[in-house]
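The structure under discussion is supplied below as structure tokens; questions concerning it will follow.
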Amino acid sequence: MDWGTELWDQFEVLERHTQWGLDLLDKYVKFVKERAEVEQAYAKQLRSLVKKYLPKRPTKDDPEVKFSQQQSFVQLLQEVNDFAGQRELVAESLGIRVCLELAKYSQEMKQERKMHFQEGRRAQQQLENGFKQLENSKRKFERDCREAEKAAHTAERLDQDINATKADVEKAKQQAHLRNHMAEESKNEYAAQLQRFNRDQAHFYFSQMPQIFDKLQDMDERRATRLGAGYGLLSEAELQVVPIIGKCLEGMKVAAESVDAKNDSQVLIELHKSGFARPGDLEFEDFSQVINRVPSDSSLGTPDGRPELRAASSRSRAKRWPFGKKNKPRPPSLSLLGGHLPSTLSDGPSSPRSGRDPLAILSEISKSVKPRLASFRSFRGGRGTVATEDFSHLPPEQQRKRLQQQLEERNRELQKEEDQREALKKMKDVYEKTPQMGDPASLEPRIAETLGNIERLKLEVQKYEAWLAEAESRVLSNRGDSLSRHARPPDPPTTAPPDSSSSSTNSGSQDNKESSSEEPPSEGQDTPIYTEFDEDFEEPASPIGQCVAIYHFEGSSEGTVSMSEGEDLSLMEEDKGDGWTRVRRKQGAEGYVPTSYLRVTLN
């Protein structure tokens, strides 16, 4: 079915329909254009969002980069950024393949439609002009027929009139004959016009207009087909990016699944483990000795206000770990401020310190406190600490790791320089064999420079190896001290201090000595110190599991133990995050070995 046959008389309908089709095409182009703008704005907002939350140029030294949570978040942001890029591709595809092409096609369709309707209107105008000519010839024929009939009646009447002259009758007959001739000519012209009009009308309705209508039908069908293809381009633009978007979503899923809480905890240990030994138990400070002593002995034997107690107190405090952000000094003990009170209040002779200025006493107290605070600051590695080449400003464990990193970097640089030296030697040999390729002497400066770099790097490697060995020994010694100190709970302090008897015994010998504060403490006062070393000879702890040595280990460093491949060992302590595990051999030897050299089975 075609429009030329079925809709031969629906010219205006076809005109409205084709115009509606072009309007629909323009409407779809406008819709796609706004859709592309929405996609572009969406992609722009996504990129701005990613830029807002993406870390600013993270480096390998940033601690946050090493956590899986941060790495997953960065990967998630990168996937969102890639997703935004795919939305930009959708917007670009819609703008080029749909908006531009369909807009251009719409203009072509409008021109073609205009041409077809102009042709139809021109044919219709020609048919109307032919019909007007036919009407004119018809009216002329009708008029001439009436004039001829009138002239014939006039001639007949004059012919029958007896009073009319022969000339009048003859003139009337000639006039009637003329009118008859004119009517005959008008008839012939009318017949010719009618025949011509019928031919033109048949051509118009059966040939010319059907062809125009068929062209309009073909144009409209092509427009509809192209519009349908444009509808398909909308979905095709989405389908083209679906695989990449799927990969982005899969990457987001992988980023979510790559969060490893256990590993992050281990990373935190690796970043901030200091390697210091845990602080020891506080010693019992018996301030009742001041009360039990004789006032005269107290004033004569301890002119500096019981330096023994103050030394023991400072010694025990130095072992404490400063957990707080700010380490406030402990208030001075009662013995420091009031050690001379019994002598001043008693009836005996006054103490040598009784006449001293209280400000001088406080000055001595501040001198005893300030070094302790300084040791805390150096212990923690404060902000004002100056970084050194051997990283001694860091805690032992962090120092060991940084030295290990520096050593690995130097070894890589050394290997690179050695490879370059070998390459230069080979090039020099080639130049010596084939002088036309180059001058061997031109390579001497580069070879000398490479040799100098190698020597320098070797010295640095030796230096860092020595520092690393020292740092590892510090870590192992700190770990051993902590283990021996906390192998068993300490004994509770007794009510009677260990130096109570010795203080009264030694009081007589201190009467004639003004410098007793500079003498070492008595045996009773050293008892708590020896108690710490007695803990090293306690009964060995029971193993917590078994392990098998996968590789041979020499165990030449302090605190380590050697083992053979395939040897069965007893697991005494698990890895605390530093890569070492404490084991015991069947012969009884006990020490640390690398965790990666073991296959562990816990009880």
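Using N, Cα and C of the backbone, Cβ positions are placed for all residues, glycine too.
The following feature annotations were taken from Swiss-Prot:
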- 67-259: coiled coil (COILED)
- 388-481: coiled coil (COILED)
- 316-329: compositional bias 'Basic residues' (COMPBIAS)
- 1-264: domain 'F-BAR' (DOMAIN)
- 393-470: domain 'REM-1' (DOMAIN)
- 542-603: domain 'SH3' (DOMAIN)
- Ser296: phosphoserine (MOD_RES)
- Ser298: phosphoserine (MOD_RES)
- Ser299: phosphoserine (MOD_RES)
- Ser335: phosphoserine (MOD_RES)
- Ser351: phosphoserine (MOD_RES)
- Ser482: phosphoserine (MOD_RES)
- 293-539: region 'Interaction with CDC42' (REGION)
- 293-603: region 'Interaction with PDE6G' (REGION)
- 295-358: region 'Disordered' (REGION)
- 471-603: region 'Required for interaction with FASLG and localization to lysosomes' (REGION)
- 477-541: region 'Disordered' (REGION)
- 487-543: region 'Interaction with DNM2 and WASL' (REGION)
- 532-603: region 'Interaction with DNM1 and WASL' (REGION)
- 540-603: region 'Required for podosome formation' (REGION)
- 546-603: region 'Interaction with WAS' (REGION)
- 548-603: region 'Interaction with ARHGAP17, DAAM1, DIAPH1 and DIAPH2' (REGION)
- Lys166: site 'Mediates end-to-end attachment of dimers' (SITE)
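Have a look at these and tell me how they're positioned relative to everything else.
Summarised by DSSP class, the composition of the domain 'SH3' (542-603) is 3 helix, 29 strand, 30 coil.
Each residue in the region 'Required for interaction with FASLG and localization to lysosomes' (471-603) has a pLDDT score, and their mean in this model is 65.
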Per DSSP, how many helix, strand and coil residues does the domain 'REM-1' (393-470) have?
72 helix, 0 strand, 6 coil
Any idea what DSSP makes of Lys166 (site 'Mediates end-to-end attachment of dimers'), helix, strand or coil?
helix
Quick one: give me the count of other CB atoms within 10 A of the CB of Lys166 (site 'Mediates end-to-end attachment of dimers').
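Looking across every protein chain shown, the total is 8.
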